[in-house]
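What TrEMBL records for this protein:
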- 1-11: compositional bias 'Basic residues' (COMPBIAS)
- 1-29: region 'Disordered' (REGION)
- 12-29: compositional bias 'Basic and acidic residues' (COMPBIAS)
- 42-97: domain 'HNH nuclease' (DOMAIN)
- 98-128: region 'Disordered' (REGION)
């Protein structure tokens, strides 16, 4: 049986899995800590128990179980906003992915900011 040819990878290029793991470690540590806390797991489970259906699907007369607790407005690491249950909504994974992609700039959508975007510090060079 023929042997599959080896995959060529440039020297120094790491596997995608390794690059993804490094990126995940560097993401916002404050938000990561909030989502990994025991309090979040408890609050999330209680919220899904009280709100078992996806609110977005219900708007379209569909009945789908919710599996994600979504922050209606991004919390940006602000704990007061993060824990405010009035800013939460129950969504199915599909609706959450669609909402997140549209607000975070996924699938070619423009990124929407919860606050004014930070100005980039550009270098200006005088040619005099």
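Heads up, the Cβ atoms here are built off N, Cα and C, so glycines get one too.
Caution: TrEMBL annotation is automatic and unverified by curators.
Not measured: the values here are computed from a predicted model.
If you take every residue in the domain 'HNH nuclease' (42-97) and average the pLDDT, you get 96. Secondary structure of the compositional bias 'Basic and acidic residues' (12-29), assigned with DSSP and counted as helix (H, G, I), strand (E, B) and coil, comes to 12 helix, 0 strand, 6 coil. Here the compositional bias 'Basic residues' (1-11) is broken down by DSSP into helix, strand and coil counts: 0 helix, 0 strand, 11 coil.
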